[in-house]
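Feature annotations, reproduced from Swiss-Prot:
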ACT_SITE  D72  active site, proton acceptor
BINDING   T8, R9, N10, A11, G12, K13, S73, F155, G156, Y157, D158, K178, H183, R184  substrate binding site
BINDING   D72  Mg(2+) binding site
Amino acid sequence: MTRLILATRNAGKITELRAILADAGLTHDLVGADAYPDIPDVKETGVTFAENALLKAHALARATGLPAVADDSGLCVDVLGGAPGIFSARWSGRHGDDRANLDLLLAQLSDISEAHRGAHFACAAALALPDGTERVVEGQLRGTLRHTPTGTNGFGYDPVLQPEGETRTCAELSAEEKNAISHRGKAFRELVPVVRELLG
């Protein structure tokens, strides 16, 4: 069985990706980057989600000699011109501080009416092989931003995005419900046939 490295150390994301890929029928041995603690984090210097996903996937594939899958994702708010976008995880200035990022975003949108609170989650999922072969696919989840966080599931901005056609936020959905409609779920389900094509 081919080992496939998931280019993240985020435990929540590893769990989510394993579930999405397993549900899509991928049977490869999926291992998080946390299994390789000596490999340094990659600087996300790209200007798009796709560029950052490819940077991470290539770095891990080169360092391990194994195929690697990475994603870059974030929240794009219409009234903010697509921000925080690629800066979603460090919007408050502290990388990975979900609460601070969420608080800053809500403060920035405090005077914005419901009609102008449109946003979407975006995800670029990339596969890189040690020989340099690469593929990238993208997915989106459109919705509206609530004024206050609701729900305890998920992570990041999940407590404020209410997907189109839903009455609950992403953080109120079960993992299965969220994965079925999420930006990450869409992108990684699209990546599965690419993995099968390139890795067998």
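Keep in mind that glycine also has a Cβ here, set from the backbone N, Cα and C atoms.
The shown structure was predicted, so the numbers you read here are calculated from the model rather than taken from an experiment.
Shown here: features listed in Swiss-Prot, placed on the structure.
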residue : record                       : Cβ contacts under 8 Å, 6 or more apart
T8      : substrate binding site       : I14, L17, G32, A33, A70, D71
N10     : substrate binding site       : G96, F155
G12     : substrate binding site       : G154, F155
D72     : active site, proton acceptor : E44, G46, F49, A50, E51, N52, A53, K56, I86, C123, A124
S73     : substrate binding site       : F49, S88, F121, A122, C123, A124, H183, R184
G156    : substrate binding site       : L75, S88, A89, D98, N101, L102
D158    : substrate binding site       : G151, T169, C170, A171, K178
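Between the farthest pair of Cα atoms in the substrate binding residues (T8, R9, N10, A11, G12, K13, S73, F155, G156, Y157, D158, K178, H183, R184), the distance is 21 Å.
All chains included, 27 other C-beta atoms sit within 10 angstroms of the C-beta of H183 (substrate binding site). G156 (substrate binding site) carries neither a helix nor a strand DSSP state and counts as coil. In the three-state DSSP assignment, the secondary structure recorded for G12 (substrate binding site) is helix. When secondary structure is read from DSSP and collapsed to three states, H183 (substrate binding site) falls in the helix class.
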